[in-house]
Amino acid sequence: MSSSFLSSTAFFLLLCLGFCHVSSSSSDQGTYIVHMAKSQMPSSFDLHSNWYDSSLRSISDSAELLYTYENAIHGFSTRLTQEEADSLMTQPGVISVLPEHRYELHTTRTPLFLGLDEHTADLFPEAGSYSDVVVGVLDTGVWPESKSYSDEGFGPIPSSWKGGCEAGTNFTASLCNRKLIGARFFARGYESTMGPIDESKESRSPRDDDGHGTHTSSTAAGSVVEGASLLGYASGTARGMAPRARVAVYKVCWLGGCFSSDILAAIDKAIADNVNVLSMSLGGGMSDYYRDGVAIGAFAAMERGILVSCSAGNAGPSSSSLSNVAPWITTVGAGTLDRDFPALAILGNGKNFTGVSLFKGEALPDKLLPFIYAGNASNATNGNLCMTGTLIPEKVKGKIVMCDRGINARVQKGDVVKAAGGVGMILANTAANGEELVADAHLLPATTVGEKAGDIIRHYVTTDPNPTASISILGTVVGVKPSPVVAAFSSRGPNSITPNILKPDLIAPGVNILAAWTGAAGPTGLASDSRRVEFNIISGTSMSCPHVSGLAALLKSVHPEWSPAAIRSALMTTAYKTYKDGKPLLDIATGKPSTPFDHGAGHVSPTTATNPGLIYDLTTEDYLGFLCALNYTSPQIRSVSRRNYTCDPSKSYSVADLNYPSFAVNVDGVGAYKYTRTVTSVGGAGTYSVKVTSETTGVKISVEPAVLNFKEANEKKSYTVTFTVDSSKPSGSNSFGSIEWSDGKHVVGSPVAISWT
């Protein structure tokens, strides 16, 4: 996932690929998360932690509690053998014993692109000075010295805040302020599996030695910083989406990954600390919700009124590649900005190709230089990829080298070329990345070109008897069209866990994003990169997620009474799916119009989300009904919800009737498929009429009633959508459409995805 934007650090290379069970260094033990039925604690215990410890002692003399959980789940984590875990499962009050899982990270112009600028206070008057809304970020920590955490102009820390600032290696509590009001770190689960943290390589504290966490938290809620840029690129004023909101960081990711026991502990603390929004740019694979630590923790946060925003993943453009698909999570894909960093690949045959680059340094001589394909400068089978140790110095010295994208980090390829004596690099996309161009702060003159240009350049360099080339770096341009387009790396639907829930929910800027950076690493994150920068430009759904987190904080400041579902609804139903000329958003991976499986409800539009007209709200009871519709057992529901809940055998539960702002219809034969929704007026009195669009004539979409008349604010109205299928299509076929309600002032849109199973 993160390999789609790996330009920064070796950290990403060490992360587990996918949602994987963590293997211990010991063949006997692993970390387990134990869910307990809190209400079943025997009266002989005065504290739940004592009960947990006693239960553990009954099956092991040596096992110790790593964490006890009170908010995210009821239970604890510990190290056990498989036999001990099986034995613990038989103890009274134990609901489940789940193995630790490891997650991966999904990793100035943006506010203007989204319509947020110095006039933001006109749209969000309650957030114009400073806000008491707190954005919690689970990531790699924070670089507190960054200007993005300046508390100038901020009032006192909110009285509702219950969090703290933890000291540790290279970090003191005094580094927090009225902006950065909380900082914690969680490493017990990580260290129990990976061993003690090597403090010569990373700080055992909230300090961010990687950069990812500083980038995401400042994207969500960084203070206004004038004169921001990366090496002169993207210069301007940097600001987070909610620059007057408070920030609390929870460091859960380390060099070896992000572990579910630590993530749950961080969510547990964040709930107790009273954050309002949780931003998590991490994930991995797909798993049933009762086995997914992020989904379980997010459910508890949702119950406390905390919106949870998560990255969709960087495994696109493959279908069904999403992470974080629980319906109580806002799942965010990535799109581009209207800003680019062009750099020309100039060939000796007179042809030029535009790529992208963030290189800053001594330019190449103003002449054509010898040019070689990496595959012809190596004896290794993967020499074309410019991996460490594969290039023959005698063949590349003094030359520009063409490398193919894949396997190792883009910037690492340039480092390999430079180490072998090459003077420049042309990096070519392959079919996996198509025409998507992600800019990097290379260590030598370099440009990245798309697949089509790469094919032409490769043919030239491998067939011309004396190929030559040069590279010209052109700086920053804005106003690029079309924009946005869906990023190729952005993970796609359909949702393989619950196909009747359309995911991702929406997209936000996630390509070439400028935000604050750590002072402990260069912009590439490579050990050979001695440069230090205050801001960096990187890409991934890791970057799009905090955009939505920050926008949710803005909406929370304006509408403090709104639930997480209401805030998500406002963001989704006001998202746009077309450009200003009416043409549909494009998918860079195909060059064709994107679909709801690519962009969800569309691209976020904060200027309209403040007044959506109608919202689709959801309660905890609705989500419990959803779990019943999945045929979850009572213990499985309890693992997710921390409560003893029994589905009503006399009630018919349907995933299709979850009050979600989108429609995913799975067709299994001809017939009628009915979906019910309830909308709440937040725009006052008004009469809304429905408009239905559909790509296919094989499915008739009808809405009853077709008109909703609201007499006052907060009034609720229900409607039923019937999808009548009168023709079959091959399994795997998809068709798309939309359902829109409008009163002439508001347009409340919902995407429709129809899939034949």
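Residue positions begin at 1 at the first shown residue.
Cβ atoms here come from the backbone N, Cα and C positions, even for glycine.
Per Swiss-Prot, the features are as follows:
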- 1-24: signal peptide (SIGNAL)
- 31-106: domain 'Inhibitor I9' (DOMAIN)
- 102-610: domain 'Peptidase S8' (DOMAIN)
- Asp139: active site, charge relay system (ACT_SITE)
- Asn170: N-linked glycosylation site (CARBOHYD)
- 196-219: region 'Disordered' (REGION)
- 198-213: compositional bias 'Basic and acidic residues' (COMPBIAS)
- His212: active site, charge relay system (ACT_SITE)
- Asn352: N-linked glycosylation site (CARBOHYD)
- Asn376: N-linked glycosylation site (CARBOHYD)
- Asn379: N-linked glycosylation site (CARBOHYD)
- Ser542: active site, charge relay system (ACT_SITE)
- Asn631: N-linked glycosylation site (CARBOHYD)
- Asn644: N-linked glycosylation site (CARBOHYD)
*If one measures from the C-alpha of Asn352 (N-linked glycosylation site) to the C-alpha of His212 (active site, charge relay system), what distance in angstrom results, rounded to a whole number?*
34
*Per-region confidence, the domain 'Peptidase S8' (102-610) (mean pLDDT, whole number)*: 94
_Comparing the recorded positions Ser542, Asn644, which residue's C-beta has the most other C-beta atoms within 10 angstroms in this structure?_
Ser542
*Write down the Cα-Cα distance for Asp139 (active site, charge relay system) and His212 (active site, charge relay system), rounded and given in Å.*
7
*Drop a 10 Å sphere on every Cβ of the glycosylation sites Asn170, Asn376, Asn379 and tell me which sphere holds the fewest other Cβ atoms.*
Asn379
*Considering only the recorded positions Asn170, Asn379, Ser542, Asn631, which residue has the minimal Cα-Cα separation from Asn644 (N-linked glycosylation site)?*
Asn631
*asked:* For a three-state summary based on DSSP, what are the helix, strand and coil counts in the domain 'Inhibitor I9' (31-106)?
replied: 20 helix, 29 strand, 27 coil
*By a simple count, how many Cβ atoms lie within 10 Å of the Cβ of Asp139 (active site, charge relay system), its own Cβ left out?*
28
*Using DSSP, how many residues in the region 'Disordered' (196-219) fall into helix, strand and coil?*
8 helix, 1 strand, 15 coil
*Tell me, by DSSP, whether Asn170 (N-linked glycosylation site) is helix, strand or coil?*
coil
*Out of the recorded positions Asn170, Asn379, Ser542, Asn631, give me the one sitting nearest to Asp139 (active site, charge relay system) by CA distance.*
Ser542
_Of the glycosylation sites listed as Asn170, Asn376, Asn379, Asn631, the one whose CA lies nearest the CA of Ser542 (active site, charge relay system)_ = Asn170
*State the Cα to Cα distance, in Å, between Asn170 (N-linked glycosylation site) and Asn376 (N-linked glycosylation site), rounded to an integer.*
47
*asked:* Please give me the CB contact count at 10 A for His212 (active site, charge relay system), counting all chains in the structure.
replied: 31
*asked:* When DSSP is mapped onto helix/strand/coil, what comes out for Asn379 (N-linked glycosylation site)?
replied: coil
